Number of protein chains: 2
Amino acid sequence: MATLRKQYAVSRYVYSEDSFGEDYEKVYRVRKTTLDHVKEYLTCDSKRAKNAVLSLLPIIGWMRIYRVREWLLGDVVSGISTGLIAIMQGLAFSLLASLPPSYGLYTAFFPMLTYFFLGTSRHISVGSFPVLSLMVGAVVTRLVPDEGPPANITGFEGLTQDQQRVLVASSVTFLMGIFQLAMGVLQVGFIVVYLSDTLVSGFTTAAAVHILVSQLKFVLGLTVPGISGPLSIIYTLEKIFVQITSTNICDLVMSILIMAMVFIVKELNDIYKAKLPVPIPIEVIMTVIACGVSYGFNFEKRYDVEIVGKMVSGYEPPMAPNVEVFQESAVEAFPIAIVGFAVAFSVAKVYSIKHDYTIDGNQELIAFGISNIFGASFRSFAASTALSRTAVQESSGGKTQIAGLISAMMAMIVTVALGFLLEPLPRSVLGALVIVNLKGMLMQFREIPYLWRRDKTECLVWLGTCLGAILLGLDLGLVVGLGVELLTVVFRSQFPRCSVLANINGTDLYRDRKDYLHIFEPKGVKIFRIPSPIFFANIEFFRDKLVEAVGFNPLRVLRKRNKALRKIKKQLQQKDDDITERGSRDLVCQTTEESYMNMEELDQPTDLKGFPFQMDWNAELPSNVDVPRVDLHSLILDFSAVSFLDISAMKGLKMALKEFIRIDVDVYIVACDVYIVEKLHMCMFFDDEILTSMFFPTLHDAMLHVLEKHKDDTKNGWVLRDTRL
Amino acid sequence: MATLRKQYAVSRYVYSEDSFGEDYEKVYRVRKTTLDHVKEYLTCDSKRAKNAVLSLLPIIGWMRIYRVREWLLGDVVSGISTGLIAIMQGLAFSLLASLPPSYGLYTAFFPMLTYFFLGTSRHISVGSFPVLSLMVGAVVTRLVPDEGPPANITGFEGLTQDQQRVLVASSVTFLMGIFQLAMGVLQVGFIVVYLSDTLVSGFTTAAAVHILVSQLKFVLGLTVPGISGPLSIIYTLEKIFVQITSTNICDLVMSILIMAMVFIVKELNDIYKAKLPVPIPIEVIMTVIACGVSYGFNFEKRYDVEIVGKMVSGYEPPMAPNVEVFQESAVEAFPIAIVGFAVAFSVAKVYSIKHDYTIDGNQELIAFGISNIFGASFRSFAASTALSRTAVQESSGGKTQIAGLISAMMAMIVTVALGFLLEPLPRSVLGALVIVNLKGMLMQFREIPYLWRRDKTECLVWLGTCLGAILLGLDLGLVVGLGVELLTVVFRSQFPRCSVLANINGTDLYRDRKDYLHIFEPKGVKIFRIPSPIFFANIEFFRDKLVEAVGFNPLRVLRKRNKALRKIKKQLQQKDDDITERGSRDLVCQTTEESYMNMEELDQPTDLKGFPFQMDWNAELPSNVDVPRVDLHSLILDFSAVSFLDISAMKGLKMALKEFIRIDVDVYIVACDVYIVEKLHMCMFFDDEILTSMFFPTLHDAMLHVLEKHKDDTKNGWVLRDTRL
């Protein structure tokens, strides 16, 4: 297959786009207008109504196909194992949110109840997510700091510090739910495409660093006030290292033991994945042991270890969110809403592809929005999904959200009946469990060299997002990362490598002239390739490159010619007063109203009216007239890679083309997208100088046309090789 | 020229990129590495040193060519007329900055002194610019409000309110100068390309609205405290309308009279441009008259008109900026620096093109940076250029910055000796003059319908910037506008119109199959055109469109085939135990380590090892096996418009290609940019499934190759027309 010796033979007319259009007429297609789309969108019939209900309540869809015998057992087993993890994670992640541990159990219960009916994913485990918990925690510690008075919010009166914090957390969650619901209703779920893999990787790595730092105080048994805002991570580390000598040795030893055990057993789980029916639930085992030991040896009293303490037993009545907190935290709730949805959606997508069903981004937004609003009313905090928990739910046999419901029931049982068993658990154990689970996220640092080798720009996005999020905090860091990422798209099109093309001898192919030896470049013709879209940020760059490629500045040539002409006319006039002066006077002064926005007015084309003979600028001129010689008669622009043009680019292009046309260089545009030509027509690009006849379908068509047109130009100073390509 | 009947005849071998590379070897080119560029940049010889000095002191360049006889008279005349305007504008714009009027005269003097030596533009008039003055004013009124105590800054102690304001304004200007100087030294002047014409137009229109509102209080003779921050314009309007009944009739009548007069005379100036030697200096005339009338009738006492009042006579000693103000205003000083430079540079560029000399963006940044630092030390506020003043300087005959120097001297004379003459001037007159000069900027509202018709996206950028800047304030508005503008670039490439191409009968040309009637589409071949760069935000979109275009989901087909194969193998095994079971067991379970980042693992290709016969998926299959029929054997992707690919796109593309290859569809990529192929090699895109032999130089080459390869495929269910294209 490598070398094909089959013949390529084409024989047809040379086409310009115009003549091609004459020979092959275009089919007239009626395009839908925006109005049509709106009408279509608003049309309602029974089928559409039914579909709308089905898409709003996805549970109907999967309940109808539920295979009780095959799926139920798997769902139950999976629900129980996921439930154990959800309880552990709920307790641990509530520490990240700076809340009492029992509220983590609420988060494992309430949001699931509504997601069960509304969610399109059958495999994700809805509940707390460490990054989200940390982001909520940042708001909580900002409004209700450990030291100093809380923010000036009327709703705080008469509440304990923990109650104030729960109020803040649930209000932020409520607001986040409103944002998600609104985005879902407005059908803007697509915005998650802007969170590229690279950005998400950098962001979650930064989150892991934040989580690590925030858990250090538990592991070391120190009391460090939560700090939020830019550079908070540095201040927190400073506070920790200042009091590092007061480390609680009991906490530290226990944490290190637990981390080591969990780490080792997890590695073993990985290695013997195939042989174990279910992975060893080492975290649950360690928690139970730690609870027992702590209770038996009375760690709290004897070693001054901070324990989970009094759990709220049962549920509290629902609570309205606080509007003042909304005002204070609106800027932070929006990134929380985006991150929460983006994570859940990307995890859900992986499993939907694996199990071959469709998920709907907008419906997911609605589901998470309502779940968070519902959960927040019952004091749970921001819910999304955790990758690790979802992996367990799916791998232990979960087929539908029945598994999720069962895991929620497990959380309920602990809240209602078994909470007291967890009371002696040291907080350092929870911290240790959080830290040991960061391994995967922190491993993402390995992407730096990987990206650096492959794509420096992408590496920049990763580093920008990660450093931004570490130093400025997660919300600002996300904004910085997004900014950098969008800039890279602009940047990639902004400084592309332009090239001058030449014909490859004996073919109809054109390549970069610097790359090949056997090339054919007829004199007086330049082929310039524009390898990217043209827009406001690179049009000047292209004009500079074009001037560089042709070797002269057409505007300057035009001016010199006009100046020379005035001189010659004057000389002629001295000889012969018959020739009217009008032509020469208005030559440079007259200006056209190009456009009222267009400040750079072009010089006029050389005016040869009322001039007794044809001017040949490349012939010998009188010695007192100095005009640069132009050995170019045709400029061919390869537009095949120009995927869009904006108004600035169009103005700049028009000016550039006119400059060349006015010094008698024919300009051809080749392989231009049909939509771009349409747009040029719409924007009045064409006039009496810029004609539609300059478009050609291929480079070779344009070249053949040029060679034909200039075949007897040799007398003009251009030497053309008389050759058939 | 319209219809060309010249013959296009090509006869050569069919090439794939590989075979083309064999026939035409590429020239090996040594590319400069980053290191080489750095080395080159750091190399120093006498010539470079001389050039560096020349570029740092552009005055040397133009002083050497100064033609005293021809240019001096023009410079002097121009300097005097510009000077008059500079004085007027200085007084008026200092009101925008909420400063006493005399400081506007400082701004017309000090920055010019250094720009004279450092600036590369010979025509711009350096000094106050209304938008910039307003932006400085926003900081001034925020830190030193009219009502209530000033910000908690130690340097304010013992100063009057006006002195505090001057301190704030000069500190902000100093900081702005530092930013500009730093950008110039770091050679990042190119960032102004991001401020597209559309954005600048929307921004300046918003600025005009702000200026209009801020001057209303002077024109109406009301006392309204300056308000800053988001929505300040609405609060200001509210305060004005609440007390509209207390309007000072004398101020109002005088303002309206002056506005009408100036407006009419300016129109006349425009109409009789050609006949007037210089435009009538109506503003100066009106000011002199207003001064005289106000003094003669004692407006201040009699009608309670607010006048300019005590002018500072002479200059004050230089002053250090306040570092606390730096901290408070750093976020605002940066946009001020950008806007100041962007305006000056764009105006300078217009005149440099007109008069055919080069300006240097980075040197301009250095010049304005030093000028602002120098000016701020002498209490002047932010300097840039005003379009109107520069137009006067150039049109009245200014050839070099000698004119600018003379206009600065005029401002000095007024400051030192004639200031007292301006003291009785009513402030409402200055307000009226500012408002009447907003005409041009406000006329830009006409761009909305113009842009809407031509390019809706661009219209969105204009509206976004303008509304953002009006409602959120100029600094935040600029950020919003930039964000919207960058998003549009992403957006334009994000949802492009993909199309399926077909051969135009009897040619080697390929067009959208929906557009033409006489097309040739061999069965089993699809040509899919990707009309834009591929990156993180649109790779999924393309995969969806591709699935839509071919009419089936390749992943689903692959799974069904694998499933069917297992079934068939089981059936065979029941008949014949000889066939080893190995093949069928590992079929779906085995996974490869695609990449540690790659979570979506692909299903494996159908494994036919150890299988007794060749599988033909499109033949009749046993009735219990349900596999979708695929009537596609070749997929050709037209990459001619793909100007870049990022890592996400590469991963997605690789996955999409593999899905097709694994169901035995040959994939060809056509007209791919050489740099993209290079990058694919670098990023390990190719493996044992994705081969470099899939690249072809043109669509027609690929099509001929496909037709040749499948010419006896008819028995397989594909019917190929036996035709020469």
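These residue numbers are counts, starting from 1, taken along the chain as shown.
Each residue, glycine too, has its Cβ placed from N, Cα and C.
Quantities reported herein were computed from a predicted structural model and do not represent experimental measurements.
Feature annotations, courtesy of TrEMBL:
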- B:515-706: domain 'STAS' (DOMAIN)
- B:72-97: transmembrane segment (TRANSMEM)
- B:103-119: transmembrane segment (TRANSMEM)
- B:126-145: transmembrane segment (TRANSMEM)
- B:165-195: transmembrane segment (TRANSMEM)
- B:207-228: transmembrane segment (TRANSMEM)
- B:240-264: transmembrane segment (TRANSMEM)
- B:276-297: transmembrane segment (TRANSMEM)
- B:333-353: transmembrane segment (TRANSMEM)
- B:365-382: transmembrane segment (TRANSMEM)
- B:402-422: transmembrane segment (TRANSMEM)
- B:460-487: transmembrane segment (TRANSMEM)
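Only pairs six or more apart in sequence are counted, and the transmembrane segment (B:365-382) with the transmembrane segment (B:126-145) gives three or more Cβ pairs under 8 Å, enough to call it a contact.
Between the transmembrane segment (B:207-228) and the stretches B:276-297, B:333-353, B:460-487, the greatest number of Cβ pairs separated by less than 8 Å involves B:460-487. Stretch with the largest number of CB pairs closer than 8 A to the transmembrane segment (B:126-145), among B:72-97, B:165-195, B:333-353, B:402-422, B:460-487: B:72-97. Against the transmembrane segment (B:240-264), stretch B:276-297 has more CB pairs under 8 A than any other of B:276-297, B:402-422, B:460-487. Contact between the transmembrane segment (B:103-119) and the transmembrane segment (B:402-422) is supported by 3 or more Cβ pairs under 8 Å, counting only residues 6 or more apart in sequence. Just going by CB pairs under 8 A, the stretch in B:72-97, B:333-353, B:402-422, B:460-487 that sits most against the transmembrane segment (B:165-195) is B:333-353. If you look at the transmembrane segment (B:72-97) against the transmembrane segment (B:402-422), you find at least three C-beta pairs under 8 angstroms, all six or more positions apart, and that counts as contact. Residues 81, 84-85, 88, 254, 258, 261-262, 265-266, 268-269, 305, 307, 392, 395-396, 421-422, 424-426, 429, 433 of the same chain sit 6 or more residues outside the transmembrane segment (B:276-297) yet have a Cβ under 8 Å from a Cβ within it. The average per-residue pLDDT of the prediction over the domain 'STAS' (B:515-706) is 79, rounded to a whole number.
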